[in-house]
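These come from TrEMBL:
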BINDING   B:Cys62, B:Cys65, B:Cys160, B:Cys194  [4Fe-4S] cluster 1 binding site
BINDING   B:His232, B:Cys235, B:Cys260, B:Cys266  [4Fe-4S] cluster 2 binding site
BINDING   B:Cys275, B:Cys294, B:Cys297  [3Fe-4S] cluster binding site
DOMAIN    B:62-207  domain 'NADH:ubiquinone oxidoreductase-like 20kDa subunit'
DOMAIN    B:227-307  domain 'Cytochrome-c3 hydrogenase C-terminal'
Amino acid sequence: MNARKLIVGPFNRVEGDLEIKLDVEDGRVAAAYANAPLFRGFEQMMVGKAPEDALTITPRICGICSISQSAAASAALGAAAGVAPAPEGMRVAAILHAIENVCDHLTHFNLFFCADFARPAYAGRAWHARAVDRFTAMEGSGARACVEARAQILHIVGLLGGKWPHTLAIQPGGVTRAPTARDCVRMASTLASFRRYLETVVFGAPVESFAEIATADALVGWDKGDAGLFMDIAADLALGQMGAGPGRYMSFGAYPLPDGRAFASGLWEAGHLQPVDTRDIREDLSHAWMHGATAHPSDGRTDPDEDMSDPAYSWCKAPRLGGRTVETGAFARQVVDGHPAAVELAGRGSNALNRVAGRLLEVARTQLLLEQWVADIAPEARFMDSVTLPQTGDGEGLVEAARGALGHWIRIEDGRIAGYQIIAPTTWNFSPRDAAGTPGPVEAALEGAVVGDDEDTPLTVQHIVRSFDPCMVCTVH
Amino acid sequence: MADIETFYDVMRSQGITRRSFMKYCSLTASALGLGPAFVPQIAHAMETKPRTPVIWVHGLECTCCSESFIRSAHPLAKDVVLSMISLDYDDTLMAAAGHAAEAAFEETIQKYDGQYILAVEGNPPLNEDGMFCISGGKPFVEKLKHAAKGAKCIISWGACASYGCVQAAKPNPTQATPVHKVITDKPIIKVPGCPPIAEVMTGVITYMLTFDRMPELDRQGRPAMFYGQRIHDKCYRRPHFDAGQFVEEWDDDGARKGYCLYKMGCKGPTTYNACSTVRWNEGVSFPIQSGHGCIGCSEDGFWDQGTFYDRVTDLTQFGVEANADQIGLAAAGAVGTGVAAHAAITALKAAQSKAQKTPTEPTNEEA
């Protein structure tokens, strides 16, 4: 048997720091260990602060998903106070949040994921020249078009939220800015130009025709725009046969509106959909450099083990739902929401291609939602109700960030924060082993990946890891 | 000096037209507060000087600075990050990974020894020998010191590198430490903000390229051209402040009319930054315009000043305006910027008899 050990990292083109240890046997990954080597201690800093400061501090966990963090903090505070935001405020918050998520998907597709296809290692493949033209890191034409389109659509966030990253507008009672009729016209025209970008560059066809794809075959067989180029490459490199996750998909449900969440919440496994019961969440610390016992986040704590003692190998805790790993992200969201092509793909098995396809589907569907929400804004309505935070209480804030399910749990005592715990999407996906020795989703997905004898940073490993779009700064915070 | 192509060469090879190039030069001149006479000077520098190699490293941070940078207003400014200013090493965006990336890092350091600008996003945590931020198997603080050795100068991007920012909030679990406390033998420009405004970031770099020197800094080490005035000085809601018209609660009538956010905790009167002039997301808006007060993110220690929604001061014996002005004076004195004009205007205002609500509740300052 031919065995060796590899350390892959620092991983670039993922957000934050990531290092993966691999045991390789006979040209395949036998075991993988994901390490989040960056720890800042936000949960410790929150203790003793005024509860409303969570709105300013927690978004700074991440400069890429900061609106998601802000929405989760706001939801947790709202839950502690027992109030819902003003209905029009919910709509504006949904617009802010959805734009950030779409931007993240496009960044991932153009700047982080597809750049790997431009590598010299793939020279000679039929699609390589096109991949080099579109996706070369920092220079590809697709990468440039994406950066420009993103900057444009973020004008809407600028308009409603003052600035991005680190927008402050979302509050427990609603949003700080009531858009005027003129703002609405401006947002509609920005969305129209973004639609043009999606239709000419990303999908090569009307947004509706991509969003309404009904079967898995039609989705993976899409042949227009950069989405088509990706499907072409994915078929050739067999991305549909690598990176199997747990096959359990969890979503907290995205974009709360007065009549429910725009994308449904739930837990999907083998064709069965059931509600997510967050009381079943536990964070296992057996392989994290953390002191303390396995706990629900509402009474969990963050106390780093500065000796970094074995067998722990990451700052990341290991969240489990009902004792089991779950995968979260755009594909999970689309499966849970019941998109027919996504559900059919999920039924065929978990893989790297599905995760990227899920993001593309979501980009198309979200554009349609955004257009609707902007058209529905009633400028004369109230956008924020005043909220009195309790002296004592607790709250759970559940949202869907681009990368999946994000939860904040706050406990307030004597008007100050007494406990604050965060479980980010990548905490779920990149968790280390638990007490039972079960690897986290990405660790399991890497088992069996092909490693060439001359490779020390294996390409398949990179494809699989990046297919999850990890956000490591959110993971550990 | 290693043979490096000029900016203009790089731009031409990217298919940028001469017309677009000149437009960039004039935009840059105005962003830097220079007159039209400087446009040819900027253009000349871009045409003849070798592009500046930049090494961009990330410590404890959230990447918001990079995110801000890649969406500055002019497409050419965006290209600064995508290729123009050669970003010879950037671990978020570059192509290489793993060992290849580390090799590229070493190569850049050696090839451009003494010529490159080291751009630092985030900061090193010093607790436990730096083990809270490990990059390439080593503590980030070592990578930072190593890269700083051959740097011409250092840019501290954002509040993290400049001051510590939120991860340095009490109890600062990782002992997150600003760059200038670790690197003491190199010129450092602080470009604070969380994140800094994109045009401020590109403006600073372009200035250094054009004039071959660091911009004039204030006493805190920030470029005076962008951090010379308070948000309050140029805030479009300032007339409402002077008239005593304030938002009293979220989405009230005053909020709809765009009244001053001072009573909602706005830190504009004590914050030096260009938000109210340059604005955000390609000049669209800034936080105060979205109805939320400034949180003072370009000032040292903004994260530990009591809650963000308390008024800037608890000196209750003075009126609101006197408060703002005193704080303004104190802060202005600290950075050596003239405040005579503001003081004069305020004196005039004080002469008008105007009913002012006095803030009565003390702030809940953390012990």
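Glycine is treated like the rest: Cβ placed from N, Cα and C.
Please treat TrEMBL annotations as automatic predictions, because they have not gone through curation.
Here the binding-site residues are B:Cys62, B:Cys235, and the one whose Cβ sees the fewest other Cβ atoms within 10 Å is B:Cys235. Across the domain 'Cytochrome-c3 hydrogenase C-terminal' (B:227-307), the prediction's mean pLDDT works out to 93.
Within 10 Å of B:Cys297 ([3Fe-4S] cluster binding site), counting C-alpha to C-alpha distances, fall the following of the binding-site residues B:Cys65, B:Cys194, B:Cys235, B:Cys266: B:Cys194. For B:His232 ([4Fe-4S] cluster 2 binding site), the nearest of the binding-site residues B:Cys65, B:Cys160, B:Cys194, B:Cys275 in terms of C-alpha separation is B:Cys275. In sequence order there is nothing to list: of B:Cys160, B:His232, B:Cys235, B:Cys260, none of the binding-site residues comes within a CB distance under 8 A of chain A. Listed in sequence order, B:Glu121, B:Trp157, B:Gly158, B:Cys160, B:Pro195, B:Pro196, B:Met201 are the same-chain residues at least 6 apart in sequence whose CB falls under 8 Å from the CB of B:Cys65 ([4Fe-4S] cluster 1 binding site). B:Cys62 ([4Fe-4S] cluster 1 binding site) sits 20 Å from B:Cys294 ([3Fe-4S] cluster binding site), taking the CA atoms of both as reference points.
For the pair B:Cys266 ([4Fe-4S] cluster 2 binding site) and B:Cys294 ([3Fe-4S] cluster binding site), the Cα-Cα distance reads 5 Å. Under DSSP, residues within the domain 'Cytochrome-c3 hydrogenase C-terminal' (B:227-307) fall into helix, strand and coil as 31 helix, 6 strand, 44 coil.
A helical conformation is recorded for B:Cys65 ([4Fe-4S] cluster 1 binding site) in the three-state DSSP classification. With a cut-off of 8 Å between CB atoms and residues at least 6 apart in sequence, the same chain places B:Ile197, B:Ile231, B:Phe286, B:Pro287, B:Ile288, B:Cys294 near B:Cys275 ([3Fe-4S] cluster binding site), listed in sequence order. On a Cα basis, B:Cys194 ([4Fe-4S] cluster 1 binding site) lies 19 Å away from B:Cys235 ([4Fe-4S] cluster 2 binding site). Between the alpha carbons (Cα) of B:Cys194 ([4Fe-4S] cluster 1 binding site) and B:Cys260 ([4Fe-4S] cluster 2 binding site) lies a span of roughly 22 Å. With a cut-off of 8 Å between CB atoms and residues at least 6 apart in sequence, the same chain places B:Arg237, B:Arg238, B:His240, B:Phe241, B:Gln245, B:Phe246, B:Val247, B:Cys266 near B:Cys260 ([4Fe-4S] cluster 2 binding site), listed in sequence order.
Taking the centre of the Cβ atoms of B:Cys275, B:Cys294, B:Cys297 as the [3Fe-4S] cluster site, the nearby residues of that chain (Cβ within 8 Å, site residues left out) are B:Gly193, B:Ile231, B:Lys267, B:Gly268, B:Thr271, B:Asn273, B:Phe286, B:Pro287, B:Ile288, B:Ile295, B:Gly296, B:Ser298.
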